[in-house]
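Asker: Residues annotated as active site in Swiss-Prot, with sequence analysis given as evidence: Asp275. Annotated ATP binding site per Swiss-Prot: Asn205, Arg206, Lys207, Glu208, in sequence order, evidence recorded as sequence analysis. Per Swiss-Prot, the feature region 'Ribokinase' maps to 1-330. If you look up Swiss-Prot, you'll see 356-490 marked as region 'Cytidylyltransferase'.
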Amino acid sequence: MERKEIESLFTRAREIRALVIGDLMLDEYLWGKAERISPEAPVQVVDVTREDLRLGGAGNVVNNLVALGCQVAVCSVIGGDENGSHLRHAFTGKGVDLTGVFEDPLRLTSKKTRVIAANQQIVRIDRESRDEISLEFEEKVLDFIAAEAARFNVILVSDYLKGVLTPRVLEAVCAAGRRLGIPVVVDPKGSDYGKYRGATILTPNRKEAETASRMSIRTEEGLTRAAETLLAGLELDALLITRSEEGMSLFMQDGRTVHIPTVAREVYDVTGAGDTVLSVLSVGLACGLEFGEAARVANVAAGIAVGKLGTSTVSPGEIIAEIGHAHPDSDAKIKNLDALAAIVKAEKTRGKRLVFTNGCFDLLHVGHVKYLQKARTFGDLLVVGLNSDASVRRLKGAERPLIGEAERAHILAALDCVDFVVIFDEDTPLRLIETLQPQVLVKGGDYTPERVVGKEVVESYGGRVELVTFVDGKSTTNIIEKIRTGSIKE
């Protein structure tokens, strides 16, 4: 697909109403340094320096859909415990409809704790219930599906075998999809795929497909036989088998097969990559793409996802930058964080001074340009952290941004003073600053040093903060107001 088609896809994605049904869980990350061996046992001692709580399982699917710009609702059952409260809190500010999330006081909310040192996962600790939800809460889920399914454009089933997706629930979801003409896209688990009969498309990996088909998949012929068995037996429209370094293989009910090669890249972490495939594939189908086109976009997104550490999302801007060919010089400046970190590290060894600034840069104007030109004078490389569309909406309101993240990134990348652009989905650029460790952090003159996010981080290793005065009277807010009131002057 060409750049304009991809950009159009993610513009349409903002109108998509997606329902995620499945197992919600919390992902806890304990980041630290492992420099000692315990005197109690031959194990590493990790000195924890940072802790993160993130949405996991079906929650990571939600995160991906929000990052893609969709309107999202969730249907699940969680515990009425502290982790359940943490999980609900993790949805804050995402604009997600949680009316279909039910709390069972007798149930344990799933939580997975990962301990990471030197960018390597050392151990994972699980706290969860794998029992099926009770009949009472199964009825609540079934009632929600019956009452609400018709208002969605696509239904995503995220099965982690934690008990929410009972046979009755799955039967109801697939039946609703067929009845209403809504794609039902399933990330399956387990060995019995009969429970997914009637879904639109399944996205197992090779090992899962081998287990479900009970057939060896060591050759292309074996892969095809297994896929044909699953397609026919489950009455699917299509089957997308992910094959790690070999890409993906799409098998369709009409007999067509499409093999999609992967893009060679360094793999940091496969955690959550399946959630990214599920999300991007579903958005593509909901927007009217045929299976092959949607799978190709999902394959690109998966390649980006595995280059990140931990459960993470992929933004439209990252996908467009990876696919696009229309403006190769500008494209080369737009990087994901992991790729940029490697570049920055190499440039620093050559003695280059890194300058970092960030912002929404919606409706780029002369004030922005002069600000960025001044920022560039403080060092040798200027990296601009760009708020994603989802981040801008949280910060500025539902009517912003006026220009999508992909276009904003390309406009910034076209400026000679900008060396690299990296899109981030958080409300602040703290994670970018911690990772890139710029020597100079630049913010606008309307800030005081104490209010600058990342000041303590930068100063901790000898860097500094610079405040740049904005051009008087030049702001996106002022421009929007002038347009609304018709007071634009030459």
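For all residues, glycine too, the Cβ spot is worked out from N, Cα and C.
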Asker: Based on Cβ atoms within 10 Å, give me the single least packed residue among the binding-site residues Arg206, Lys207.
Answerer: Lys207
Asker: Per DSSP, what is the helix/strand/coil residue tally across the region 'Cytidylyltransferase' (356-490)?
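Answerer: In the region 'Cytidylyltransferase' (356-490), the DSSP-based counts are 54 helix, 26 strand, 55 coil.
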Asker: Spatially speaking, which of the binding-site residues Asn205, Lys207, Glu208 is closest to Asp275 (active site)? Use C-alpha to C-alpha, please.
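Answerer: Ranked by Cα distance from Asp275 (active site), first place goes to Asn205.
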Asker: If one looks at the chain holding Asn205 (ATP binding site), which residues at least 6 apart in sequence have a CB under 8 angstroms from its CB?
Answerer: Ile241, Thr242, Arg243, Ser244, Gly274
Asker: Starting from the Cβ centroid of Asn205, Arg206, Lys207, Glu208, which together make up the recorded ATP site, report each further residue of the same chain whose Cβ lies within 8 Å of that point, ordered by sequence.
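Answerer: Near the ATP site, beyond Asn205, Arg206, Lys207, Glu208, sit Pro204, Ala209, Glu210, Thr211, Ile241, Thr242.
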Asker: Neighbour count, 10 Å Cβ-Cβ cut-off, for Glu208 (ATP binding site): what number do you get?
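Answerer: Neighbour count, Cβ to Cβ under the 10 Å cut-off: 20.
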Asker: Translate the DSSP assignment of Asn205 (ATP binding site) into the three-state scheme.
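Answerer: Strand, per DSSP.
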